[in-house]
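Residues or ranges marked as transmembrane segment by TrEMBL: 21-43, 55-75, 87-107, 113-134, 141-159, 171-194, 215-232.
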Amino acid sequence: MAPAMLTARFKQSVTPLALRAYLAEFISTFFYVFAVVGSTMASRKLMSDAATDPSSLTLVAVANTFALSSSIYIAANISGGHVNPAVTFGMAVGGHISVPTAMFYWISQMLASVMACLILKVTTVSQHVTTYAIANEMTGFGASMVEGVLAFALVYTVYAAGDPRSGPLGAIGPLAIGMMGGAMVLAAGPFSGGSMNPALAFGSAVIAGRFKNQAVYWVGPLIGAAVAGLLYDNVVFPGQAPPAPARSNSDVIGA
């Protein structure tokens, strides 16, 4: 019974509609990563000491807000606009997408991130692709906890913005998610980097060839996303809306 069910779910994950969703995730994640990593590289190009300049943090946070909102909006009606493996994981844990579909989403998001960082590396020539790093005074465990809290806030906002019980949010949903992302960058950028997105950290690490503390940007966000999804669906708003149509590919809004 289980193998038959797994086969059926896999077949559902390779339909033309599903392939369109994977392409949409690739495109939206590509532009999101290009904007966020590119803005960090731009700040270092323009400022002699961008690492300690508050305006650099503001620039990256604003870029994160705009890019996240726009990237979600352009993919929301096709793939749900996850743009983030943590969001995909949270949706899979909540039962809103199947595990095979989530794996294909992850592949699309990772490839998009690597391609975006590769293009930044090739086109800027003299610039190094910036990677996410934790502050010297922080431990990996502490940074992972911070990233988990950030991802929780982001994914909880995703659930709330995509909930049909919230009313017809339209473009306000992606904007709310983007604003939460930008706020979290301002709150934790100097400490853990404020990634919230495993694909974002992974792509820049691959191209830069530096994987130090990479687990921080996977363990924390994935746990935070799972807790946010389970809490929203099972504790805060349990069983108050029809489960099936509430979060189809055309209805889910993600980050």
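Note that Cβ sites are derived from N, Cα and C of the backbone, with glycine treated the same way.
If you count C-beta pairs under 8 angstroms between the transmembrane segment (141-159) and each of 21-43, 55-75, 113-134, 171-194, 215-232, the highest count goes to 215-232. Against the transmembrane segment (171-194), stretch 55-75 has more CB pairs under 8 A than any other of 21-43, 55-75, 87-107, 113-134, 215-232. Outside the transmembrane segment (215-232) by six or more residues, the chain places 84-87, 89-91, 93-94, 96, 132, 134, 140, 143-156, 159-160, 192-193, 195-198, 200-202 with a CB less than 8 A from a CB of the stretch.
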